[in-house]
Structures are given as structure tokens and as C-alpha cells.
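Everything below concerns the one structure shown next.
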Amino acid sequence: MTKIGKKIRIERIINRESRNTVIVPMDHGVSMGPIEGLKNLAETVNAVAEGGANAVVLHKGVVGFGHRGYGKDVGLIIHLSASTSLAPDPNEKVLVCTVEEAIKLGADAVSVHVNVGSKTEAYQLRKLGEISKIAGEWGMPLLAMMYPRGDGINQFDEKAVALAARVGAELGADIIKTNFTGDVESFRRVVDGCPVPVVVAGGPKMGSDEDILRMVRMAMDAGARGVAIGRNIFQANNPTKMTRAISMIVHDNADVSEALEFLKS
């Protein structure tokens, strides 16, 4: 029963034809406050849904504000982890929601954030293991946001990223979100070393639209199964068109020039 349940839910957060996904995380309100692009969640969810996003990531308290109730459906991933930028250690992620709560709120998947190499790594790994067990029992897909972060750690280093991704898979995640390592070859080794699908994180707002589209193209060429991009989508001049441009690369194998031409049209 749980196997078919998980299959059904996963198909709500991916494209059934390409088997890839465009996820738009909108969980930044806890860590960063009401930043640009997230002041009106309903408006932003609508914009990315119209652009073809497969799923959004929200915290439990704002699910109602992000529910469309009309038009194209968009998958719901409820984020279970949190920390704020004002904390003594923002890398210390704690659980603020349960799998059962997420199910009651209508989630299609849950996500957990782990900072590998942080001072509280042990706690975060233990909680990831616990959540993967519970999620598995309920047939709930688990997205693990795995980042190498801590004193003296280069969070874009290939070996560090590969380790973080592999840890998430080893502890039971169904999909891994992690940093791009800067080029196709190194990220391909990250993907090849992870036995579950990898989606690339967008990170901080980039300098240009072309920069983000180029990163997406390189990640897909390396074998990524999609993206989980927040600020570079919802803080774009036109979030709907940016979502569509990224979707063209992820689902239709468009090149950067094609996606950029659409974005500028």
C-alpha cells in the first residue's frame, strides 16, 4: 500500500513525461523574513504555477495562503526544518513539523534540511533518519536538502557536495537537493555518486537571467533530474516567464539561447 501511495505522490511533484521536476522553494520566510517575492504568497504561488512549476515548498503555517484552489495544480512539499538568520547558529536546523501534520495539510511530499559539517550535524542526521523511517511508513516522498556547511567548508566543493548528497540517499531520502559545483564534469560525478535523483539548488540571487539558465542547463547535462530554485525564480522580474524558461530546459531539453529568447519575448 505504501509503495503505490509514494508513487502517486511522487507523480504529483514531477513531470510524468520527462520524469524531471521544477520545484520552487518558498520556505525562506522563516530564515529571512518577508523578503521580496514572498510578501504575497498566493500571488507568487499562482505565478510559478502558471509558469509550469511542478511543486512548491512551504512551511506548515502558510499552506492555506499558498493554496490556489483553481487553475493548474501544483504539488505541495511541506518543509519540516527551520532556523532563523538571527540565531546564534543559523546552520542548526530543528524540526518544526511532523510527517503526520504534513499529511493532514495535504502534502504530496516533505522536505528536511541538513547542513553536513555543521556543529549540530549529529542531531540533524539523526532527525533525517527518523523522518525517513516515518515518511516511508506513510508512503510519503522525502526531499532532503543536503548542504556542506560549517567552519572551513567550501559548500561548492565537489567532494563535499558529493558526500552531502550521498549521505541524504544513504539515510533514506527519495530526492536530493544540493549545490551546483560549477561545471558539468564535477556535478556529473556528484550525480553518479548518488543512487537517488538529484535536483540542483538555485542558491542566492544570481547576477543575470542568463547565469541561472546556464547553471540549469549545465546541471541537466550532468544528469540532474531537475531544479529546486527559489529566489532566482520568485525574485525575477517575471516569475511566471522565468519558471517557464527553466521548465523549457528541464522538461523540453531547450538550450540556453532558446530559454533566454523566450524570457525576453
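Any Cβ shown, glycine's included, is placed from N, Cα and C.
Positions annotated as active site, proton acceptor by Swiss-Prot: ASP27. Secondary structure at ASP27 (active site, proton acceptor), as computed by DSSP, is coil. Other Cβ atoms within 10 Å of the Cβ of ASP27 (active site, proton acceptor) number 23 in total over all chains.
The annotation 1-deoxy-D-threo-hexo-2,5-diulose 6-phosphate binding site is assigned in Swiss-Prot to ASP27, HIS28, GLY29, VAL30, SER31, TYR147, PRO148, ARG149, GLY202, GLY203, GLY230, ARG231 on the grounds of sequence analysis. Under the DSSP three-state reduction, PRO148 (1-deoxy-D-threo-hexo-2,5-diulose 6-phosphate binding site) is assigned to strand.
Here Swiss-Prot flags TYR147 as active site, proton donor, drawing on sequence analysis. A C-beta separation below 8 Å, combined with a sequence spacing of at least six in one chain, links TYR147 (active site, proton donor) to HIS113, VAL114, ASN115, VAL116, GLN155, ALA164, THR178, ASN179, ALA201.
Sequence annotations record features per position, and here Swiss-Prot assigns active site, schiff-base intermediate with substrate to LYS177. Counting only same-chain residues at least 6 apart in sequence, those with a Cβ under 8 Å from the Cβ of LYS177 (active site, schiff-base intermediate with substrate) are ILE23, SER111, LEU143, ALA144, MET145, MET146, VAL198, VAL199, VAL200, ALA201, ALA228.
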Q) Counting only other Cβ atoms and using a 10 Å cut-off, which of the binding-site residues GLY29, PRO148, GLY202, GLY230 scores lowest? A) GLY29
Q: Looking only at C-alpha atoms, tell me how far GLY230 (1-deoxy-D-threo-hexo-2,5-diulose 6-phosphate binding site) is from ASP27 (active site, proton acceptor), rounded to the nearest Å.
A: 9
Q. Cβ-Cβ under 8 Å from SER31 (1-deoxy-D-threo-hexo-2,5-diulose 6-phosphate binding site), same chain, 6 or more residues apart: which ones?
A. ALA82, SER83, THR84, SER85, PRO90
Q | Rounded to the nearest Å - Cα separation of ASP27 (active site, proton acceptor) and GLY202 (1-deoxy-D-threo-hexo-2,5-diulose 6-phosphate binding site) | A | 13
